[in-house]
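The structure appears right after this line, and notes come after that.
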Amino acid sequence: MNKIWRELGLTDEEYEKIISILGREPNITELGMYSVMWSEHCSYKNSKPLLKYLPTKGERVIQGPGENAGVLDIGDNLAVVMKIESHNHPSAIEPYQGAATGVGGIIRDIFTMGARPIALLDSLRFGIPDDKRTKYLIENVVAGIADYGNCIGIPTVGGDTYFEESYKGNPLVNAMCVGIVEKDKIKKGIAKGIGNPVMVVGATTGRDGIGGASFASQELSEESEEKRPSVQVGDPFMEKLLLEACLELFETDAVVAIQDMGAAGLTSSSCEMASRGGVGMEIDLDKVPLREEGMTPYEIMLSESQERMLVVVKKGKEEDVQKIFKKWGLNAATIGKITDDGMIRVIKDGKIVAEVPAKSLTEDAPQYVREEEVPKWQEEVKKLDINEVKPPEDMNKVLKDVISSLNIASKEWIYSQYDYMVRTDTVITPGMDAAVVRIKGTRKAIALTTDCNGRYCYLDPYIGSQIAVAEAARNLCMVGAKPIGVTDCLNFGNPEKKEIYWQLKNSIFGIAKACETFQIPVVSGNVSLYNENEGEAIYPTPVIGMAGLIEDVSKICTMDFKKERDVIIILGENKGEIGGSEYLKVCFGMVKGQPPQIDLEKEKRLQELVLKLIDEGLINSSHDISEGGFAAALVESAIAGKKGAKISLQTSLRADIELFSESQSRALITVSPEKVDEVLKIAYEHQVPAQKVGVVEGKDIVIDVNGKRIIDLPLEVLEESWRGRIKWEMERN
């Protein structure tokens, strides 16, 4: 076979392993099946040994990692279903379809579990939009997400977007979907019942996306442009029909098991379901509805055509299934049956064209513990001499520059393209600390966020990853939600490089430590490696998707200033940390220093305090202090509430560091004057420092530091800078 396995991404050792499993050389169809199932994208062969360190158990966990999505109990016989996935490589090549099918795929993962999807979030990373290609990627990724979500009628309620040089040419598109299901109606992908029919439902099968999973397990290069056929094409209207047909099907007792067809198409759905159930499956390819003529067994088994599901049905119920799908104008074809021998047997024209043990494709995939070493530049990049950072003269200009930086400026240009109000349950819309979606027929709501500062993770993956978890949990607490579960998307470079494996390992350890401390289980997730462009890796970017529970939706809090004369209080301690900060990057062009330190116990106390203050109705607004420090948080709350602020700070720090330090575990709250003493007392009981720093008043932002006026600007001037930046960047030539 002239080492064709290498072209399919398999190593010589892996090929030898396949021969020893089968006791013979594989044919081309079998080789294709192994190449996709043993790719990093499907097998997690470089990350699985590390992922076992993540905490996955908890009192609310109904389903942890290993199924199509994670499931958490939220009481009242309801559960929340959540998952995040990447579509980075396809989006780099064909951004519109890459992003759109990323959204389509994650939605299918949710309704496969029996849940109705209620919200989408997207976590995006791009290069600096100062060249045509980057702008093209941004425009088309956002349009792809918007069109798919808007057409299928699921609101895109939140997410996060960062712009850094390291993502140029390799953008990150991580899509998260959340659904609600009654606990006794959860569906799983565990095939059982010898002789039960296997059906493919939904769209027809074509040649799109063949080998997409293997493609997603390689570095991007000049040649990647030629791999556009590896990018699938999505049809959101077809998916809407598929969603409704599946939910109607789940109301019957016909379904034994169901799995969506994502990466590796029919191959992965068949072997994953069979191996979970300890059974085999026989598939007759002549019965698969095709949209193109002359397709080979290899092409049919590896096609990643969208909007398809594989269903194991109770014997004799085939007609019931066909009736439902016919009503919705969709295919439902019986293509095979469950067998007792543990083999995936594929038949075409009456002949066996592939026959492999199901478990050999899934559980027996190789696993690698790679060599690691600390990157040679790591110590150097952490060094920051504060004397290199001269205190600026004009602090008004600095404040304008920081809040109009790409990472802090309003992302309205992006989210205004999304319909975030469809289904009418969105309580807190994009642009706030966390999105909130109410659950119909209850007083409950779910708060959602995605977070990760890749720059911190570049400077220190262990600490940066802890901060990503802490920031996500803090964002949920700011709206009054108790964090209940994590879904993570680990975006890294090539793990075969020792420095990258070191980043991946330390990042996972950091996430594990933070999740254990906060007692938040990781219930699902995704790993995306080989994110490199012309040999340069992206910043390590472990995106944390998190859900929080609000028992009473009337008690939520938001970040906008509400009332004149309210007292502004900072919770938490400013340690004067500008390493890795937005201030350092924007005003001095530096990405260096230690990222802010994080004390997880202090963070926990802050979060518990804010939840108590919100629950008891003692505060009028709350906003976490993160990128851009106190000054950015102040301006964001002021803009959101259309009210100015007068601030007076006493500090031993330099004025610029006091304002723009990104020290963790801090929040900005506003309190009615008569409640201030009670708030300070409760903060003291929680051992959280609390400092009165000013009042909400007027239409200007005025800041005095140690008695000296440092900043005095009309809010509308700041708002203009903050609101207009991304639109301006995207429209200029």
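In case you wondered, yes, glycine gets a Cβ from its N, Cα and C as well.
Note that the structure is predicted; figures quoted are calculated from it, not measured.
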Per Swiss-Prot, member of ARG60, ARG108 binding substrate alongside SER86, HIS87, ASN88, HIS89, GLN232, GLU304, SER305, GLN306, SER528: ARG108
Same-site ATP binder from GLY9, GLY127, GLY441, GLY525, given that Swiss-Prot records TYR44, LYS83, ASP488: GLY525
TYR44 (ATP binding site): secondary structure state under DSSP, collapsed to three categories: coil
Other same-chain residues whose Cβ falls within 8 Å of the Cβ centroid of TYR44, LYS83, ASP488, GLY525, the recorded ATP site, in sequence order: LEU51, PRO65, ILE84, GLU85, THR487, CYS489, LEU490, VAL522, SER524, ASN526, VAL527
Between TYR44 (ATP binding site) and HIS87 (active site, proton acceptor): CA-CA distance (Å): 15
Those recorded positions listed as HIS41, LYS83, HIS87, and which of them has the most Cβ atoms within 10 Å of its own Cβ: HIS87
In three-state DSSP terms, the structure that ASN88 (substrate binding site) belongs to: helix
Cα-Cα distance linking ASN526 (Mg(2+) 1 binding site) and ASP488 (ATP binding site), given in Å to the nearest integer: 6
Closest of HIS41, LYS83, ASP260, ASN526 to ARG108 (substrate binding site), Cα positions, recorded positions only: ASP260
Cβ-Cβ distance under 8 Å to ASP260 (Mg(2+) 2 binding site), same chain, at least six residues away: ASN68, GLY105, ARG108, ASP109, THR112, SER269, ARG308, MET309, LEU310
